[in-house]
Each structure stands twice: as structure tokens, then as C-alpha cells.
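Working notes, structure below.
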Amino acid sequence: MGFTEFVGFIAACMALNALAIDVMLPALPMLHADFSLTDPNQAQAVIGVYLLGMGASQLVYGPLSDRYGRRPVLIGGLIVFAVAGMLSSLTDSFATLLAARLLQGVGAGAPRVIAVSLARDKYSGAQMGKVMSLAMMVFMAVPILAPSMGQLILLVAPWRWAFGALVIAGAAVLTWTLLRLQESLPEEHRRAISPRAIFGAYRITLTTRTSVGYMLALGLVVGGHMSFITSAQQIFVDVFDVGRSFTLLFAAVAVAMAVAAFTNSRLVHRFGMRRLSLTGLVTLIVLNVIHLGLALSGNETLLAFMLLQGGSVFVFGFLASNLNTLAMEPLGHVAGTASSMIGFFSTVTGALIGLMVGHLFNGSVSPLVGAYVVLGSLALVTVYYTERPAPTLAA
């Protein structure tokens, strides 16, 4: 693969996860009605269990890819993703749907891990940051388009056909992998798959101080973003009463992340990932303190929400790629395992925070915005202490 195709492939692997989440957002009210759920917030579980499955499975895919290579592990995960999509579309039980979504998340863990590992195998430092930013920019087309795609599907077919779209997407990436992807991890660099080797690689990851710090910050930032994703449909429809315009407004907010990813790819060489991350976190906190004050005053309008939430999503576009790259930077020799641990922590942490904040929805945006303030502040403190020199013992 050339550079441009490689970036596109990484973006496609990442996009599967966004598609599997965002295409379902317009269908949440239908799930609530079709399965006779007692609480409207219960439908959010189809997103939460998917994220939990994706996060937990990454702990397995990392060591497997370090031992057997990136390509076979990616192929296996894509097959599971597509099969689980078929099961999701056929079930008549909400419990079975949740199980199938959990399995689909397990399959999705492979492209999540392998995308970052492939980038780290081929690039490092600012160049890896550029690859991830460009891939993020392409990938951001999915959150922009997926809810509208889901809405179009619902206009002509039942919600089950949304899962059919996921099957087609998984099959497309699988075909691309089979035809074009070459193995990036040479035999001589593969690690034995034994408990000692696996725990040794995880020990390296969890004892590398800077990697742990940036991983913690990433988990907190992802938690804020997942809180928005899980609450978005209810906020737009229940708070601002936008009806079917939800998908267009959601897409307008998501555009900010694509713009941020492109901007980051231009700025990362000039200012560096650390400075951009610190600036982004400070900006995130300030934006949401202002937003929280407006929300609590009861004077918030749809336009104000779009502008302020768009600002938060813009900042997330900077933070996601930079914090992930900073966490991976010292761990090239265990890239697969490191990527799996970082992916596991950030995804599971984000999913749990998103589910908690989503269940706190009370007819206003205050729980979401308050979560942004708290999570951004904790992430800023974490990054600040991560970047301080490690303490040394006095002689």
C-alpha cells in the first residue's frame, strides 16, 4: 500500500466502530417501542454493550497480533463483526440483540487494535501523529454521515436493515484486507504467546509512566465524548424538539471533529503533540464551564448548544489522536499489546462513563456538560503530572 491508501485503510478500520454506533442512533426510539422496554434509556444499552465487548476483546487481540501478525488477527475479527451483524438483524429478543451486539463489539476490537498497531509498525513520532490525524479526518466522515444513513434506512425499511449495512461494511473492509494488506510485523519481531510473555508485555505497558498517564487522560476524554454520543438523540429530540432534523444537526456537530483532525495534522509538526494536548484540555474545560453556566441558567438555545458542543467535539478531535499517539510512543517494541491495553482502557472507561452519564439524563443538558467539566479537569491534572519529570530517590 502507498501512503494515501494506507491512511484510507486505517481510517476504514477505525470507521467500522463509529458506523456500528452512530448508524443506530436514529433507531433507538424504535428499539424502545418494538421490544416494549420500560425505560427509554434502556435502548442505549445497544451502544454500551457493543463498546464493552470491543474494549474487553482488545486485551486478547494485542498479544495475538504480536505473536501471529496483524493480518490474520484482523481477518478473524472482521468475520466475527459481520456474522454478529447478521445475528443482530434476525433476533426477536432484546436480550439476544444485546448478546449479538456484545459479540459484534468483540469482533470490532480487532480493527481497533490493528489499525493503531499497523501505524506504529510503519511510523513513529510526529509522522505517526500525522498518519493518525489524517486517518481520523477521513474516519470522521462516518459520524457525519452514519446517522443520516440510519435515518434513510428507517424511512424505507425496519431498523434491522441498519445491521445489514454493518454486515456490508464489514465485508468490504474484509475484502480490502484480503486483497491489499501485507503483513507489517516481521517474523523476527514477533513475541511468544505465553502467560509470561503476555504479562511481561502488559507489565512494560503499565510500568511506562508516561504511557500510563496519557492512557488515563485518553480514557477520561473518551468518556466525555461517549457521554455525548449516548445522550445525543435524547438531547436533540427531547430537549430541543428537533424531530427528524436530529441526524442533520448531529452531523453538523460531528463536522467539527473532522476539521480538528485535519488541523491537527497540519499543526502537530509545528507545535508538538504535548503542547496541543494541554491547550486542548484547557480549552475543553473553559468551554464547558461557560456551557454549564448557560445550561443551569435555563436560557440555553439550540444554537448555543450547537456552538458550544461543536467546540467540545472540535477539541476532542485534537485530543483523541494526540493522547493515543503519546501513549503509544515509547512502546513500539510491544505495539500490539500496548495498543490493546490502551484501547481496552479508553474504550471500557469511555463506555462506562457514557452509560452512567446517559442514565443521568433528566431532560436537560446539565449532566452531559457537568461531566465534561469534571472529566476534562481530571485529564488536565493527569497530563500535568505525567509531563513532570519522574521523582528520583535521594542518594
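Just so it is clear, glycine is given a Cβ too, placed from its N, Cα and C backbone atoms.
Whatever TrEMBL says is automated annotation, not expert-curated.
Between the stretches 7-26, 367-386, TrEMBL puts its transmembrane segment entry on 367-386.
Two recorded stretches are said to be in contact when at least 3 C-beta pairs lie under 8 angstroms, sequence spacing 6 or more; the transmembrane segment (341-361) and the transmembrane segment (367-386) meet this definition. Contact counts against the transmembrane segment (367-386), taken as Cβ pairs under 8 Å, peak for 212-236 among the stretches 73-91, 97-119, 212-236, 276-296.
Between the transmembrane segment (212-236) and the stretches 73-91, 131-155, 242-264, 276-296, 302-320, it is 302-320 that has the most C-beta pairs under 8 angstroms. If you look at the transmembrane segment (242-264), the same-chain residues 6 or more away from its ends with a CB under 8 A from one of its CBs are 22, 25-26, 129, 133-134, 136-137, 139-141, 143-145, 147-148, 150-151, 232-233, 236, 276, 302, 306, 309-311, 313-318, 321-322.
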